[in-house]
């Protein structure tokens, strides 16, 4: 297929930011990026500060906070609905798991919405996505192993909703891509002891699962990678294509490629993102979110683990304006 050209932008950073880390999470409220959790060394948590990056001034700060914050953790996920951030899961170095917390960006208050004892089994390296009412949680690693369950937290009714199980065809997995597109939840790839290359889709209206076969420039199996939606398209970047023999303690084979999937035609296309010297380091285990930078919507990525097992501290942006869309 004919590759589409686009380029990465390295975003300048000022102020006291999160620094080098991996297994953390990011989300956006307005022109502010919020970052939480992570590890600098494998399986050792860092802090529970909530870092804020202003996309206009390009400066980091630490959010003022009251209330009951999540404890320091890694393998955590977060999404935004309205002006509220929802943070779920993640574990510390003693394998304690966080429940579901919210952070109100207008009042700067943390709240514990659902402790682990009253909600889902504690987990890390799960994936989250959201719409205007629900926070969706799929998969992850619990104390009993990797799971393939799908739940949602209804922010209006303030309760968990359990959906039908994904079935044996969709193995329990950690760190898949999870994206909501036009009333359907897409589960892409992940890790079950091996990197997975399958895709599954859940229709929210019919509550039916189905396995999805795709064509085109199909990406290699992978996990711990950014995945976001853009209209009817899913965009993925990077990830770990092969695990290290030491698993989490080492860095496996990392990717630096960008792909787009048309969810109607089910055709993948690999995107050429400038010259090799213009690309950011290959990585996985990074924080990511959709964001608008200088009027353009795109993928914003912070940190992650590099092929040398060194944690990264850069902030890079990839705009959607040159995607091959129709």
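Heads up, the Cβ atoms here are built off N, Cα and C, so glycines get one too.
Taken from Swiss-Prot, the feature active site, proton donor covers 91, 146. The annotation (Z)-N-(sulfonatooxy)alkanimidothioate binding site is assigned in Swiss-Prot to 91, 124, 146, 175, 224, 285 on the grounds of similarity to another entry. The Fe(2+) binding site annotation in Swiss-Prot covers 240, 248 and rests on similarity to another entry. The repeat 'Kelch 1' feature in Swiss-Prot is assigned to 32-83. If you look up Swiss-Prot, you'll see 84-130 marked as repeat 'Kelch 2'. For 134-183, the entry in Swiss-Prot reads repeat 'Kelch 3', with the evidence type sequence analysis. As annotated by Swiss-Prot, repeat 'Kelch 4' applies to 185-232. As annotated by Swiss-Prot, repeat 'Kelch 5' applies to 234-290, with the evidence given as sequence analysis. Under the heading repeat 'Kelch 6', Swiss-Prot lists 298-326.
Features per Swiss-Prot, on structure.
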residue : record                                             : DSSP (3 states)
91      : active site, proton donor                          : strand
124     : (Z)-N-(sulfonatooxy)alkanimidothioate binding site : strand
146     : active site, proton donor                          : strand
175     : (Z)-N-(sulfonatooxy)alkanimidothioate binding site : coil
224     : (Z)-N-(sulfonatooxy)alkanimidothioate binding site : coil
240     : Fe(2+) binding site                                : strand
248     : Fe(2+) binding site                                : helix
285     : (Z)-N-(sulfonatooxy)alkanimidothioate binding site : coil
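Checking Cα-Cα distances from residue 224 ((Z)-N-(sulfonatooxy)alkanimidothioate binding site) against the recorded positions (91, 146, 240, 248) with a 10 Å cut-off leaves 240, in sequence order.
Within 10 Å of the C-beta of residue 146 (active site, proton donor) there are 20 other C-beta atoms, taking all protein chains into account. Maximum intra-site Cα distance, (Z)-N-(sulfonatooxy)alkanimidothioate binding residues 91, 124, 146, 175, 224, 285: 17 Å. When Cα-Cα distances from residue 146 (active site, proton donor) are compared across the recorded positions 91, 240, 285, the shortest belongs to 91. Here residue 91 (active site, proton donor) comes close to 73, 74, 75, 97, 98, 122, 124: these same-chain residues lie at least six apart in sequence, with C-beta atoms under 8 angstroms from its C-beta. The Cβ neighbour count for residue 240 (Fe(2+) binding site), using a 10 Å radius over every protein chain in view, is 26. Between the CA atoms of residue 248 (Fe(2+) binding site) and residue 175 ((Z)-N-(sulfonatooxy)alkanimidothioate binding site) there is a gap of 12 Å. Residue pair residue 240 (Fe(2+) binding site) / residue 285 ((Z)-N-(sulfonatooxy)alkanimidothioate binding site) shows a Cα separation of 8 Å. Taking a C-beta cut-off of under 8 Å and a sequence gap of six or more, residue 285 ((Z)-N-(sulfonatooxy)alkanimidothioate binding site) has these contacts in its own chain: 22, 23, 224, 240, 304, 305.
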